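Below: one structure, written as structure tokens.
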């Protein structure tokens, strides 16, 4: 008589989440409170104005992350439930974890943390790094592995963001360097260490279907519509925020058109690649974030958007297969092409923009809100933070180096930790399948005792 497999690995997920939420409840009960309402009418009106000006942007970002990004990841035909649900779970888990760490590091005064919408927003920005990074290992990792990955990535992101923005004074209002570049190379580091030097073959469940590609394309359109809110939300309201919105719209419009041109030219029959449309159309929003609030001519935003789309398409066509063959680097969602390459392009553009900008056009147009409040960088006497244009350009380059170096190293260490057997990584033949994690009624009714789905579930239980 066969001995039933242990249930401990299958109970690890609710145990981990339950313990985390319990500790969080205790933390909130002891240390977290809301800001006291001001007694002065002027201050009350100021707070109300700040909330009403920020919350619409915040709602747009919520739609982007929950719906847009979730659908974008649903291109795997038998992994749609998992992509949407795990994305939603990681967003909430990472946001709460970042909120705790942010409170302890920056906002813990006199034994209390005063919660406001800005702190929630900054925590969601930290969660975005996790949502992007998991794209490199999408479908090949268990929920427990993803949660451990988020637990490790958030503090590393907060530390690197503090170094890049606060210490180096890097201008990056849209998170091109601090979010997109960092999350990309963290995810690639995790993938490299998790799968080591093993070549990942094409999985039979990995090929998208027209229906799954359509869902992913809808996610792209949602992200495209709301992306200006993501870039401009931390800008100072007024002319700077207006400029960031306009630059982002122009860059994304250019990337959408250029994607069609580049994809059609690279395909032998002149047809469009859905993978290019789903990703490269968003590349302009990634690249423009670092210079969105600078006083650039409109043509610069169009050029940057077009170049980022070309780089992204070329990455999918040539670079991803090359890295897979030569470095055995697995990148399931192509995050290197959408977030890494356009992010590096945007960082390079920021150094050029700083060097060529005149005092009149650069002054007062490059202020942004930092996670600790106030301005991350301000012009002082026509100089970039008192360093001059050359010094600021070096800071931009140094920030890029810190983001890549810190994320790669931390990603490699995190990927090695994810190899622990207790985290129940699914075997190769059982990847990309919702039936491992969800009770699907139609499938349960239609599948017989010899069905492959049931055999796969049993095999996974026996392995863990």
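Note: Cβ is positioned from N, Cα and C throughout, glycine not excepted.
Computed from a predicted structure; not experimentally measured.
Annotated in TrEMBL:
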type	residues	note
TRANSMEM	12-34	transmembrane segment
DOMAIN	24-418	domain 'Ammonium transporter AmtB-like'
TRANSMEM	54-76	transmembrane segment
TRANSMEM	88-108	transmembrane segment
TRANSMEM	120-139	transmembrane segment
TRANSMEM	146-165	transmembrane segment
TRANSMEM	177-195	transmembrane segment
TRANSMEM	215-233	transmembrane segment
TRANSMEM	245-266	transmembrane segment
TRANSMEM	273-292	transmembrane segment
TRANSMEM	298-319	transmembrane segment
TRANSMEM	340-358	transmembrane segment
COMPBIAS	362-375	compositional bias 'Polar residues'
REGION	362-382	region 'Disordered'
TRANSMEM	397-420	transmembrane segment
REGION	443-464	region 'Disordered'
* Does the transmembrane segment (54-76) reach the transmembrane segment (298-319) with at least 3 CB pairs under 8 A, where each pair is 6 or more residues apart? -> no
* Asked: Hey, does the transmembrane segment (215-233) touch the transmembrane segment (146-165), meaning at least 3 C-beta pairs closer than 8 angstroms, sequence gap 6 or more?
  -> no
* To do: With a Cβ cut-off under 8 Å, give me the same-chain residues at least six positions beyond the ends of the transmembrane segment (120-139) that come close to it.
  => 54, 58, 61-62, 65, 69, 73, 76, 79, 82-83, 86-87, 90-91, 94-96, 98-99, 102, 145-146, 149-150, 153-154, 157-158, 161, 175, 179-180, 182-184, 186-188, 190-191, 194, 203, 206, 233-234, 330-335, 339, 371, 411, 431-432
* To do: Could you tell me what the rest of the chain brings near the transmembrane segment (273-292), counting residues at least six beyond its ends with Cβ under 8 Å?
  => 72, 75, 171-177, 179-180, 208, 213, 216-217, 219-220, 223-224, 227-228, 230-232, 235, 243-244, 247-248, 251-256, 258-260, 262-263, 266-267, 300-301, 304-309, 311-313, 316, 334, 337-339, 341-343, 345-347, 349-350, 353, 396
* Which sequence positions outside the transmembrane segment (215-233), separated from its termini by at least 6 residues, show Cβ-Cβ distances below 8 Å to it? -> 54, 56-58, 60-61, 63-64, 67-75, 80, 121, 173-175, 208, 241, 244-245, 248-249, 252, 256, 274, 277-279, 281-282, 285, 288-289, 292-293
* **the transmembrane segment (397-420) versus listed stretches 177-195, 245-266, 298-319, 340-358: most Cβ pairs under 8 Å** => 177-195
* Counting only pairs at least 6 apart in sequence, do the transmembrane segment (340-358) and the transmembrane segment (245-266) share 3+ Cβ pairs under 8 Å? -> no
